[in-house]
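Below is one structure, written out as structure tokens, with a few remarks after it.
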Amino acid sequence: MKLGYGEFSWPTGEAYHGQFYRDHFHGLGTYTWPDGSSFTGTFYLSQREGYGTMHTKTMLFQGLYKEDQRFGPGIETYPDGSQDVGLWFREYLLKLCTRVPSGFSLVNYPEFLAFLTKSRRRLDLSDEKVELGLSEEQDPFFYDYKQYLLNDELKLPPEMHVYSTDNSHLPMTDSLRQELDDHIFMNEIPPFIEDEEPWLITNETPLLVKIQKQTYKFRNKDAHTSWNIPAILEGNRSRFGPSGPKEQISKKMIMKAEEGDYNWIFGILRDNLACADVADSKGYTVLAAAAMHSHLDIVNLLLDFGADVNKRSDEGITPLSMCFLQYYPCKSFHPNIAERTLLQESPKSLVTPKISFLLADANIDYLYDVGMPIAGGDELKTSSLDDSLASMQTPESSNMLHKEEVSPVKTVSTDVEKESEGAAENVDASTLYSVDTNFESTKCLRNYTINVSRDIMEKSAQAYSSLPQHPCFPYKGTVRKMAQSMVERRNRWMTITLLLRRGADPNLCQVPMQALFLAVKAGDVEGVRLLLMSGAQTDIQFPPQLQSLTPLHIAVSLPGEEGVKITELLLHVITNVDAKAADEDYVYKGGKADLLPSSLKLNNEPGPPKSFYSTHTFIPEEGGRTALHVACEREDNKKCARDIVRLLLSHRANPNVLWSGHSPLSLAIASGNDLVVKELLSQGADPNLPLTKGLGTALCVVCDLVYEQQRSVENKIALIDRLISYGADVLNPVTLVQGDRTAVGTAVDYGYFKFFQDRKIAHCPFHALMPAEREVFMARKRLLEYLGLQLRLAVLSKESRLDTKALYLSKRAELAPCHRLKKKGSSSVRTQSSEKQSIPFYKFCYQCGRSIGVRLSPCPRCYGILTCSKYCKTKAWIEFHKKDCNDIMAMIPHLEGSAWRVAESP
């Protein structure tokens, strides 16, 4: 067995002199070939491993090796002094130290900076080890003898190294690997001792991670510093000689891929002059350059020559994600309530000389809103035409901008009178017959414009874009610009489909977000369908700093029919329809009225008796928003929101979870969407679900001042009737809190509590209010009176099920404590009899329904009802109590006689 330092030669003329270990070249040594070539450096089991110098007749290579191949940073020097510098893989440059000026960078997309919250990972220095002791339940492929394969002593026969040195076909035990590494790094710091934090991963492509790990392993070698390896890793080429041929060809190939020079690239790859996976110092590859410029033939060529379709840039972006970012610009994203985005300002229209197409920029926004059919059956959606139309102005028309704004509507206004509004502010505006006029005033002039419909322009652009070649004109009009944008967009879509068909992973890149998020945010139904068919995952989320939203959260908030279609697509794949966002601390519509103290005084009132309502046996789950919460929160398109809610409920979304104190039902009430309310109630939403954060129940939300602008009083009354018809109990207890005082009441008390928060309308004399304030006062009063009526009917319904005689005696005994029966008898017997017949009843004003903050007084004749004021007493007497009181008074002698007989019975 060869061990130690020595020399060994072969009859072929090859020779090695250096360190041996277990019959292998292992350690420092020099290997020479008959042609004069030599390698001086580190060997590992008879293979070049680590830093070394390779001498040939035509060049000198200094760099890192692994398993007998170049693998990492290196410098190849030629006789003329030029050098190829970068990261090497075998005989090819894999990454340059120079940057292509036109390379892709997220710096050019500042709108996504908020999504760049993920920090770079560090190198994992520990080798993967299989843990022992996996149980049969944890390991689906468990069998009894499997653990023997995990034992170093049982992997190889004893003394295997004595009669075989073929380690390339034998398993490497952990103990042998540790022994070999100790021999290589005998006089140095062990490679994986954490004397410092591991390096940050500069590029997460698996091959480049392995290269960086190999470089880190040999970082303490002298060559690492003397050969300027850190400068290569940083992409700093200033300390090296002029670029060599391989470096020049590699850089030129990236630029040729942008230009679309297929023949030149094919010749380079055919002659093996460069690697199809080469990238600049920032990881911008040839494939990315070709894909960004939609050169499909070059993309296919590179993939045929082995380019990695999922290779990432240093920013972590794959070619597929670059294409998606280009296909879905920020302006194509729909504003939605899931992300709390705001509507953008309407763009301004342009005035062209002599003929003013009012489409101009409004035409661009139209393409964002609707899909335009293009050749091949695809659709043009969410187009980024602003950039392409930015240069459409000629020098003569560059100063002819309207001052008025044109809203992006679906049809073009034909009202010519609106043109004069902006003309007064633009003294240089052109007229139909004059371009060079320069009067001080244009009030006497009129610009007679020709309004061309969008349909005509779109059809013209569609026909023009279908031509095989477009003639070049020095000035391109709106139609040609639109046609050019259609062609570019179609090519980008074809590039995306090609990359996905050739194996691009839509889940790999998470910077700035997954591709599925981009398609959903843009409302592209076909894009979402393509990604889902390509295996895009749906259980993805935004970072916690952005509320951890899922694609379903955004899909259910999209306006229009595309939101319904995308939601349906996602629900066919998604696993957790009740995924929660990280916004559990968000306060939904915390208006000023919530901050004002109510003038209603709380005196620890007990609320309705327990026999008057049914108690909830479970505590509702509370957390972040679910997709159902988002859909019920929508105020934009009530019909589409209803359809989305129906889809979610059909996939078993839970309608009885809380967010910000609200249930989906209360959110639908607060947002004013009665269609969603009806859908939720019909699908089993609980109208009596107790809400948190002082919201009470769904009936309480109807009369909350914060949401009173969502519907008229008639609609609120109809909503109350609908809730009650689906089982809403107006007698459910509601706890009111103000400071250190609490009280328990009903939805009526909650309504009056909120009513008295607006002190001006609640307490000012009616004649002192403005007309609008009077309308508000009357509307609130009418709603509360109707709710009080429903409360009285509910109480009377409960009391009708009780013993009328016992109920009357209980009320009379409690409300008139000084009352005594006229007949003689034992007072103790009568007291015991009254206690036996005592029935709890609800003390509230039978006219307005209030039980909190009022002083109740019974009817002095019958003690059958309670009222809180003279106004309520008079109104109750007129409306309903006059007849009831007379009926009760007629029954009193009979009731008292019955009570006496009961008291006398043994």
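Positions of Cβ are set from backbone N, Cα and C atoms, glycine also.
It should be emphasised that the depicted structure is a prediction, and the values quoted were computed from it without experimental measurement.
Straight from Swiss-Prot, the features:
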REPEAT    16-38  repeat 'MORN 1'
REPEAT    39-59  repeat 'MORN 2'
REPEAT    61-83  repeat 'MORN 3'
REPEAT    282-311  repeat 'ANK 1'
REGION    391-411  region 'Disordered'
REPEAT    479-508  repeat 'ANK 2'
REPEAT    511-540  repeat 'ANK 3'
REPEAT    547-579  repeat 'ANK 4'
REPEAT    623-657  repeat 'ANK 5'
REPEAT    660-689  repeat 'ANK 6'
REPEAT    701-732  repeat 'ANK 7'
ZN_FING   845-885  zinc finger
BINDING   C859, C862, H881, C885  Zn(2+) 2 binding site
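All features noted in Swiss-Prot, drawn onto the structure.
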residue	record	CB count, 10 Å
C859	Zn(2+) 2 binding site	21
C862	Zn(2+) 2 binding site	20
H881	Zn(2+) 2 binding site	22
C885	Zn(2+) 2 binding site	19
Helix-strand-coil residue split for the repeat 'MORN 3' (61-83), DSSP-based: 0 helix, 16 strand, 7 coil
Beyond the site residues C859, C862, H881, C885: chain residues whose C-beta lies within 8 Å of the centroid, for Zn(2+) 2: R861, Y863, G864, I865, W877, K882, D884, I888, M889
Cβ-Cβ under 8 Å with the repeat 'ANK 6' (660-689): same-chain residues at least 6 beyond its ends: 584, 586-589, 614, 616, 620, 622, 626, 628-629, 631-635, 638-639, 641-642, 645-646, 649, 695, 697-699, 701-702, 704, 706-707, 710-711, 715, 718-719, 722-723, 726-729, 732
Secondary structure composition of the repeat 'MORN 2' (39-59) [DSSP: H/G/I, E/B, coil]: 0 helix, 15 strand, 6 coil
Beyond the flanks of the repeat 'MORN 3' (61-83) by 6 or more, those residues with Cβ under 8 Å of it: 41-42, 47-54, 89-91, 210-211, 214-215, 218, 223, 227, 229, 232-233, 240-247
DSSP state at C859 (Zn(2+) 2 binding site), helix/strand/coil: coil
Outside the zinc finger (845-885), six or more residues from its ends: residues with CB under 8 Å to it: 600-603, 605, 607, 736, 743, 745-746, 748-749, 752-753, 784-785, 787-789, 791-792, 795, 808, 811-812, 815-816, 892
Across the repeat 'MORN 2' (39-59), average pLDDT on the 0 to 100 scale: 95
The repeat 'ANK 7' (701-732): DSSP-derived helix, strand, coil residue counts: 21 helix, 0 strand, 11 coil
